[in-house]
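As recorded in TrEMBL:
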TRANSMEM  20-39  transmembrane segment
TRANSMEM  59-77  transmembrane segment
TRANSMEM  89-109  transmembrane segment
TRANSMEM  115-133  transmembrane segment
TRANSMEM  154-176  transmembrane segment
TRANSMEM  188-209  transmembrane segment
TRANSMEM  274-294  transmembrane segment
TRANSMEM  300-317  transmembrane segment
TRANSMEM  337-356  transmembrane segment
TRANSMEM  362-386  transmembrane segment
TRANSMEM  398-421  transmembrane segment
Amino acid sequence: MSKMADRYENQAPEKLQGKYQAMVVCCILGIGSLVSWNSMLTIADYYYQVFPDYHPSRVLTLVYQPFALGTIVILAYHESKINTRKRNLIGYILFTISTFLLIVLDLATKGRGGIGPYIGLCAVVASFGLADATVQGGMIGDLSLMCPELVQSFMGGLAVAGALTSALRLITKAAFEKTNDGLRKGAMMFLAISTFIEFLCVMLYAYVFPKLPIVKYYRRKAASEGSKTVSADLAAAGIQNQSDLLLDYSVQTDDDSKNQRLSNKELLIQNIDYAVNLFLIYVCTLSIFPGFLYENTGQHGLGAWYALVLVAMYNCWDSVGRYTPLVKWLKIENRKLITIAVLSRYLLIPAFYFTAKYGDQGWMIMLVSVLGLTNGHLTVCILTTAPNGYKGPEQNALGNLLVIFLLGGIFAGVALDWLWLIGKKNAF
């Protein structure tokens, strides 16, 4: 054990073995935290065929968000007492079961529409909301007490999920388009792949991630600073003795000082600009994506492919935007500059309105790309900059608080998305 202690005392965390493996695992876990929901959005063309009168892309998003937001508020309030390992595993298992249930529901109803199957679909989507809040808050809180690259990799994974689902959707649509019941077959294949990815995430988080050296290092560090949320993960990595934690991490503090931390209220006051900016980013994005793209862009040369192409472009550029902060001179760390950038995105709303009315599909694709790129870039800039300078328990709490505002912004954006239908014939 003393050899282990010497190793961790004499080695900078950036050089610890397992950093790149941890980044890859975080990216896959990020994919898993959004691939099920993105699957729902990306096969919306199938649900529009089955439920043509129920506005699937708008209604399902509106069902999803209250459950996600309500759950994250409760979990963030009790964050310091929650077993993070159990929380994240429950979230990924719930994602796996819910995605599989979508396949079961479709097979049981034989792909027929109607209010009964639609209510069943809404119930599964509600469980996605519960799982999303459980995983996103838990993972971002957990990774916030580690190095910024791991948060960035997880957030990058969220966008990769979108790009991956869009690519798969275009492939399955092309493969099955001319076959009997092709749209349904493509959607089912899609959901089967998503179910497998969710199961893979359960295995990775349970057996691989906690045993990586860099992850153990930061969790020891957090435990030495008074964090109780990491104890189960440390136990899974074979570290159970609290005195061992203090020996393994070179900074030792007395019991009184190590347990002192800023309250959630104090953390929020100090970071209110980051929180509000996250909220505003997602209000802007979700007021346009995906409902406006499916229902308000008119008819163009791409026909039934048009909405899928727009969603694919958004997801691809969102993915790129989440990796651009790795380029040091592109990363925005100045708080005022972040605020200016966030507010300037609201010029996109009138731009989308006039482009849908007067522009062609090339301009619309360009606007969607800008929407995705700025969404990803600014999100990662905030989530990797905000936790700097805080102790482990505070970083975990701040990560959870920021996710509340992120999901709150999504909820508000989804609600505002309905305003595009005002004045439209046969809108309701």
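Cβ coordinates come from backbone N, Cα and C, glycine included.
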Let me spell it out: take the transmembrane segment (398-421), skip the flanking residues so only those 6+ beyond its ends count, and list any with a Cβ under 8 Å from a Cβ in it.
58, 61-62, 65-66, 68-69, 72-73, 75-76, 79, 132-133, 136-138, 140-145, 151, 264, 267-268, 271, 274-276, 278-288, 291-292, 295-296, 379, 382-383, 386-387, 390, 427-428
Same-chain residues near the transmembrane segment (154-176), Cβ under 8 Å, at least 6 residues beyond its ends
26-35, 38-39, 41-43, 45, 139-140, 143, 182-183, 185-187, 189-190, 193-194, 305, 308-309, 311-312, 314-316, 318-323, 376, 379-380, 383
At a Cβ cut-off of 8 Å, and with pairs 6 or more apart in sequence only, do we get at least 3 pairs between the transmembrane segment (59-77) and the transmembrane segment (337-356), yes or no?
no
Using Cβ atoms and a strict cutoff of less than 8 Å, what residues sit near the transmembrane segment (337-356) while being 6 or more residues removed from its termini?
273-274, 277, 280-281, 284, 287-288, 292, 296-298, 363-364, 367, 370-371, 374, 378, 381-382
Can you say which of 20-39, 188-209, 362-386 has the most Cβ pairs under 8 Å with the transmembrane segment (89-109)?
188-209
Can you work out which residues elsewhere in the same chain, 6+ from the ends of the transmembrane segment (20-39), have a Cβ less than 8 Å from its Cβ atoms?
64, 91-92, 95, 98-99, 128, 131-132, 135-136, 139, 143, 146, 149-151, 153-158, 160-162, 164-165, 190-191, 194, 197-198, 200-201, 204-205, 208-209, 212, 214-215, 315
So what's near the transmembrane segment (362-386) in sequence-distant terms, Cβ-Cβ under 8 Å and 6+ beyond its ends?
140, 144, 148, 151-152, 155-156, 159, 271, 274, 277-278, 281-282, 284-285, 288-289, 293, 297, 300, 309-310, 313-325, 330-333, 338, 341-342, 345, 348, 351-352, 355-356, 398-399, 402, 406
